[in-house]
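According to TrEMBL:
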COMPBIAS  24-39  compositional bias 'Low complexity'
DOMAIN    134-232  domain 'Methyltransferase type 11'
REGION    20-39  region 'Disordered'
REGION    133-142  region 'SAM motif I'
REGION    196-204  region 'SAM motif II'
REGION    223-232  region 'SAM motif III'
Amino acid sequence: MASALQTLPCFLRTCQLSPPPRPSISFPSSSSSSFSRTSQSNGRFVSARVKASSSSSATAADVRELKDGIAEFYDESSGIWEDIWGEHMHHGFYDPGTDASGSDHRAAQIRMIEESLRFAGISEERAKKPKRIVDVGCGIGGSSRYLAKKYGAQCQGITLSPVQADRANALAEAQGLADKVSFRVADALNQPFPDGQFDLVWSMESGEHMPDKAKFVNELVRVAAPGGTIIIVTWCHRDLGPSEESLQPWEKELLKRICDAYYLPDWCSASDYVKLFQSLSFQDIKTDDWSEHVAPFWPAVIRSALTWKGFTSLLRSGFKTLRGALVMPLMIEGYQKGVIKFAIITCRKPPE
């Protein structure tokens, strides 16, 4: 294992990410057939991979095994992440062409939150700012605490990891936010909240873990208040072309290797999410490809893993974390070849 980790710097020298920028896209909120399959979504509604993830072929035992794997992975890895990278367990947002070696990566993670809010058009006016927020896949609560402080909002976070939930609550107490934020172990596909409770439904890099994307979206929609905003920031695969039924075999194999290490089910595209929200008649649906803005992130994570502190922490953390570290170069390869996209999808629930 150690010798394998030592090969990563060689790989890094060949992985300069520069995916071409593209403009953000807004979509009609109607679910009518006026949305063309050859329009800017550049793909079909649901790829073969999404169909598989939503079908009965994924048994209850398969889903339980996936959820257990996710919880155990984050139970093992969250401590080392916090120790090296801090309380925000997500990508940073960088200007294109940024020299990652000189970047303030923790500041870039805060910027990811701010850019997501800006893209979604979240108001900071006192009367319009969100007052009730849910953080779906909250990690150790970094986004929740940031949003609670920014807006003075009440925020609830859910995660499959008991270690994460305990740490998130401990950090809230330490930061004087225990009256504003709380965290619990819960399933994003069966959330423990009543209908229409939250002004802002926030999912920062958790959608990729969801075995049933349609059910995931339906739960986000259910807990959103009328007029509330949903923000999903997630890993996707590229949109399919008009003549494509699925990804290429080599693309599927690349994603499978990543899925096996990070406990991910089948991937979908950003256009798949768009069509799901269109089918529910949501408004102000927008998406953008931020791959170029996260390009410095994975090389920086790998470099941190190859420091003495990072390396020794990896060896102590357990097999699942170490296996995840070993496939980090595949994330770079996926971005470089255009298979993996870092996407944001935002929309608004119609008012009553």
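The backbone N, Cα and C atoms fix where each Cβ goes, glycine too.
Nobody curates TrEMBL annotations by hand; they come from automatic prediction.
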Could you tell me how many residues in the region 'SAM motif III' (223-232) are helical, how many are strand and how many are coil under DSSP?
1 helix, 9 strand, 0 coil
Counting only residues 6+ away from its ends, which parts of the chain sit with a Cβ under 8 Å from the region 'SAM motif II' (196-204)?
90, 112-113, 116, 122, 130-137, 139, 143, 147, 153, 188, 220, 222-234
Per-state residue totals over the region 'SAM motif I' (133-142) - DSSP helix, strand, coil:
1 helix, 4 strand, 5 coil
DSSP helix/strand/coil residue counts for the region 'SAM motif II' (196-204):
0 helix, 7 strand, 2 coil
